[in-house]
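Participant: Once you've had a glance at the structure underneath, I'll fire off some questions.
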């Protein structure tokens, strides 16, 4: 079975400022576009059997600039629906809820079109995506690449490893990076995390520290 390559979209103004960015369709910054372009050599080293991308502009632009062609738009790859916390920073939330934590507490209710999601609801979306990924991996040789968002990809990683959606909290993910999930002794494993071209080795994905920017 091929690998699962996870690409978090490049930097946006909202990711820089720490604003929760779910349904708001913000573009990449100039730096975010450069981050996406620099992913090209990483992706080029893999035979890509299938590609999936979030419908959000920041993800689609990242896929295009990174050279990921013919990516299938998948609505289940959208970011966590933050409901009433859309556009709000963690610092602002903590003024009213000092102990709040997204992966355990979820979000406050939002408007009818974006009511918000619980961790388990995001986990259910991740399971649907993983089922489609496994189907693609079984149909052809090669790897599958997914371009999506920070919090969602953290939940998807947790579910891939057999962990709860809440365990996505264990995986920090920086903008404009690629991560690789593989298998070892028939078990799903993390083979590389938060990788950028300057942290790449020809034989392995080496882990690279995150930037500390908010997810989304």
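Note: Cβ is positioned from N, Cα and C throughout, glycine not excepted.
Quantities reported herein were computed from a predicted structural model and do not represent experimental measurements.
Feature table excerpt (TrEMBL):
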| type | residues | note |
| --- | --- | --- |
| BINDING | 21, 22, 58 | substrate binding site |
Participant: Given that the record lists 21, 22, 58 as binding substrate, what is the largest C-alpha to C-alpha distance among them, in Å?
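Facilitator: It comes out at 11 Å between the most distant Cα atoms.
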Participant: Which residue, out of the binding-site residues 21, 22, 58, shows the minimum number of other Cβ atoms inside 10 Å of its Cβ in this structure?
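Facilitator: The binding-site residues 21, 22, 58 were compared, and 22 has the fewest Cβ atoms within 10 Å.
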